[in-house]
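Per TrEMBL, the features are as follows:
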- 32-49: transmembrane segment (TRANSMEM)
- 61-81: transmembrane segment (TRANSMEM)
- 87-104: transmembrane segment (TRANSMEM)
- 182-204: transmembrane segment (TRANSMEM)
- 255-272: transmembrane segment (TRANSMEM)
- 279-297: transmembrane segment (TRANSMEM)
- 322-342: transmembrane segment (TRANSMEM)
- 362-380: transmembrane segment (TRANSMEM)
- 400-423: transmembrane segment (TRANSMEM)
- 455-475: transmembrane segment (TRANSMEM)
- 481-503: transmembrane segment (TRANSMEM)
């Protein structure tokens, strides 16, 4: 009888799992920045291999393995075996890039037949002509660095959502309870920021064609886009409750999940676009929304309600997800502002310029915004010279918004710098076919595949994460077994993504 009481008093495995991801306080922003820096440094190494040795063209099985090891393996190492020394990993990757760079180049065949003739005049005509005709295809371009950035972000996201369930993944990288910063907190915001960048494309098309959509049709399109995401949120909710899956209630609430946040973004963004008549920039709109939300948090009882209020009805049960939505909306709008900069072929289509001038303007604009967002973040969080407000992903407050936007803007700028240095011919491409040829040369096949079917890959990663957690006692396995499972998991996710890309399949949800 006593033995039965002892057994019933022992915490269940589900409780242990929930405790494992609860009451965490994160780690320093500087360490998170070092881990995030692995991605553009890997892009640098990949670009050196491609431009100096033509390593990934043709794309052989060996090239695929190296592509996987660099763009997936290195990122997996950064959050597991090298989690305590991300700076060392960055130094090793930079050293490898330098070693490859000083090796004799294998580009004699390219010199005989250059990939792109430097026909600046043709480039000017193409850009100017596109602007004059109002062709959306002429003013927009899919730049290699954007694919590399979004692909890397998706890879890290897929790694972390399973790795967080193993002890080899540092607790300071997992989502914080209330106050603080962590790698996974950055990952959630980065996902929203990245979605915002892509959402600028239809807006730019409308501007190019001079056919702005009225609010009604915009809302209808946005709701149509939201329905699959909301359906995924509902499916996840039913699955978690039906399978008695371990969950962290203070993350989003009792019923809310990240798919609901993503699903409600498009209609609200459509509504907020009407405010651009008064505030003529997405960045300004994002800052205003973040500031207003922060003022409401500090000047009313909203903060206390979100953090400690009783869960008595549907709203109070999901208050974290409902109110943090305003912060994520600000991040999304800031991402759209970045999209308005990085997606156009020419930042000023009314005034055609040379490729070198376009590259310089693009880099300076992105660099300037990186400094602006970083300065705003430090002013908001510094206790000596600024407002001294702590970061909270749970609230998605203003410091969190500024931290996510500043970090991602700096990351995109870093990828852009690598892109411009190693693949400058992309910016002097005189037609779409030439541009596509350079694009495919300048982007990892693995990252293109993740970027092409991002939401499907993310959904697959979530399903596999659930499968692993239901079949493996993740808290009890050794580090070797944990790394082995994570490698097998990422091999499966990556092979699926690349397979879809090889068969030219794009699944839009």
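The backbone N, Cα and C atoms fix where each Cβ goes, and this holds for glycine too.
Tallying C-beta pairs under 8 angstroms between the transmembrane segment (61-81) and each of 87-104, 255-272, 279-297, 362-380, 481-503 places 481-503 first. Two recorded stretches are said to be in contact when at least 3 C-beta pairs lie under 8 angstroms, sequence spacing 6 or more; the transmembrane segment (255-272) and the transmembrane segment (481-503) fall short of this definition. Highlighted: of the candidate stretches 32-49, 279-297, 322-342, 455-475, 322-342 has the greatest count of Cβ pairs under 8 Å to the transmembrane segment (182-204). With a cut-off of 8 Å on Cβ pairs spaced 6 or more residues apart, the transmembrane segment (322-342) and the transmembrane segment (481-503) reach fewer than 3 such pairs and are scored as not touching.
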